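Read through the structure below, which is laid out as structure tokens, and then see the notes.
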Amino acid sequence: AAMCMAKGPGNDMFESTRIIGQNIYLKAKELYEKASQEVTGPLSSAHQWVNMSDVSVQLSATHTVKTCKPALGHSFAAGTIDGVGAFNFTQGSVEGDPFWDQIRDQLLGEPSNETKACHKPKPILFSTGEMTWPHPWHPDIVDVQIAAIGSLAILAVPGEFTTMSGRRLREAVKSEFDSHGTRGMNVVIAGLCNVYTHYITTYEEYQVQRYEAASTIYGPHTLSAYIQLYRGLAKAIALNATQELPRGPEPPLFNVTSLTLLPSLSAEKAPDAKTFGDVLEEVRQEYREGEVAEVTFVGGNPRNSAENATEHNFLTVERYSNISSSWRVVLNDASWDTRFYWSKVSGGQSNVTIEWHIPAGTEPGVYRLRYFGHYKKRVNLFRTITVPFEGSSSAFQIT
């Protein structure tokens, strides 16, 4: 599976990101310029908490089904073509693997018979709804919400709906608005809102158990449950009765700030006769548009900066001003044309390489690249402190 990896339209991730982002921007701009309908009317919203592991869904006059405690299937571990998994997991698994099931049972515990039956035909890899240490692995209580602006209804959904699931949800909500006298509503789905609950597939997609279906954590009737819930929100908005909606069960509040699975960072060293921020590989004296200015420093682990500085730039590109006889920041690590690479080398040492891909239209002049970091310093046998440092390349000319 690892040999079947999707690739974007560019030569690397940076070029692919630029191409995709530009295409989205151009289409959005085109739609904006062609827009003919102005959205006017009242603002309204409806929100509920719901226990998604225990929703009764009325499929017909005679048939009721229920959602399940959260669980991930074997095909979840297979990943997809844009992010493949490891080992021998494959998409479309409707039977478990005895080898992995035995490892799961010994490490995490066997899923209950009730959960297994509820999720069929999904073979359960992780019964996350039954895993509670040190906190629940998946949420039971999630948000459902609609915000309406005149004739526009935005469905704030807590997960990733497949294309067909999204269509069915939109059509159901639109039909609900129509049946209660609010006709012509434009229904838009805004995914990944409020809380994340993986994917939501149709019942038919669920039977095939590809990656998205294995990641539909509340079982085969997840979509039907969401359709029922969002119909209820739409009805409340259409009838101006949102104040009568029950809030639903409050979600638990967990203090996870002290919990981390990251190993603690140990003291770091600089090479002999060097200190943190010293230049290891210097820039050239002169560059032109289209070239890459590059410098390598004695570095520190970037986690030190992330954990000890609330506002921090890892790098800046600065231009010398003859008028003020000072350096002025023109780019930082949020700029498209800069790159920051950290590499760990032997003996507790780190290197940091900063690149500036000089774009067309860059103003000629004198520039430099600067680096801002932190390193761990051992004070005694039991204590380390975090120390800030800076580094700067030599000045170089852009002609």
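From the backbone N, Cα and C atoms, a Cβ is placed for every residue, glycine too.
These come from TrEMBL:
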- E160, Y199: Zn(2+) binding site (BINDING)
- 3-228: domain 'Neutral/alkaline non-lysosomal ceramidase N-terminal' (DOMAIN)
- 231-398: domain 'Neutral/alkaline non-lysosomal ceramidase C-terminal' (DOMAIN)
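The Cβ of Y199 (Zn(2+) binding site) has 21 neighbouring Cβ atoms from other residues within 10 Å, across all protein chains displayed. E160 (Zn(2+) binding site): 18 other CB atoms within 10 A of its CB, across all protein chains. Regional average pLDDT for the domain 'Neutral/alkaline non-lysosomal ceramidase C-terminal' (231-398) in the model is 94.
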